[in-house]
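Quick look at what Swiss-Prot annotates:
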- 423-436: compositional bias 'Basic and acidic residues' (COMPBIAS)
- 411-436: region 'Disordered' (REGION)
- 62-102: repeat 'WD 1' (REPEAT)
- 105-143: repeat 'WD 2' (REPEAT)
- 145-175: repeat 'WD 3' (REPEAT)
- 176-225: repeat 'WD 4' (REPEAT)
- 227-267: repeat 'WD 5' (REPEAT)
- 271-310: repeat 'WD 6' (REPEAT)
- 314-353: repeat 'WD 7' (REPEAT)
């Protein structure tokens, strides 16, 4: 009699290998596939909220005064600098959450911080000085004297240039003691200046006169001036889409603009209940983070008008500065309670090493959550957040005010001649005018 046996080669398997599972993917054999996937998506959403723990801790023992500026080193993942109201600049090691050095360089509030292309720290303050601090020990390598109080600073990624803003926008060369070029358009103060990451000769500034001005170093002249309804407090360029930038406004919203067409905003981002003080793009260009006067930090997807997450703590006060880390996994925040805090960009993510099976499982659950995110139950769980009482109450009052204004406008339109009260588009409402 002939007996058939199953044999396996010992060289093809290992002791801890998982037995392969044979699956037939024919849909007719899986009539309950959709129900199973919905259950998995629901459980994955619940587990995601259950493991959400965004706050990692504060860096060191903080400052002696409020933190008003932050900078990240674009060549490393762990270096972050902060400037405070007492004129001190500190360099932090994010991996150890400790302080490397402190430099008491300035006599006034450190308004602007940035890392130079060589890795040194550039700081500016209301005492009119710009100091280049050695990254290794914090000692002053070089100083520059401006014409007036300096409110912001940024470096060009394409050369040895940096820009400062105050009464005007000044372009400096590292090797010169005086500005190479000065830009002026109007007579008001300019608290914000930012270089484009990709088009390195283009920069933007925001003024106290509610203006946003685009400059081009190749023509040594301003290009366009946008006038908005309320003042812009912060600007950040998209590192992946060279023409787009987001602006944080005093009207609690953020606006995405295309520098080629400033007649309307590309997107309007809502949810804050007080002025937006700082905004910064993720290195991926898909998300950005904002810090507000309402003591919260919000993370936005560039294609969604509402925040995907909101961070807050009981002790954190008004957020004055936020920055993404260069790997887009962490967020630095500075507030006027003198602390620099470290957050996860994904509240439920962990930095531990994952096996291939675990990585594939997480990707599968992410795809299920994305597929079923519009189901009411899953959407409710994914969107639910606990907010401070004052923020929740302010949001309710703001919602009632907006609905009241809408009803009033609709009543006026209903009792007026047809076409006398035109509809005002949301993306054009914030724009007052454009000058060239």
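Here the Cβ of each residue, glycine as well, is placed from N, Cα and C on the backbone.
When Cβ distances are compared across the two stretches, the repeat 'WD 1' (62-102) makes contact with the repeat 'WD 7' (314-353), since 3 or more pairs at least 6 residues apart fall below 8 angstroms. DSSP labels the residues of the region 'Disordered' (411-436) in these numbers: 4 helix, 5 strand, 17 coil.
When pLDDT values are averaged over the repeat 'WD 3' (145-175), the model yields 92.
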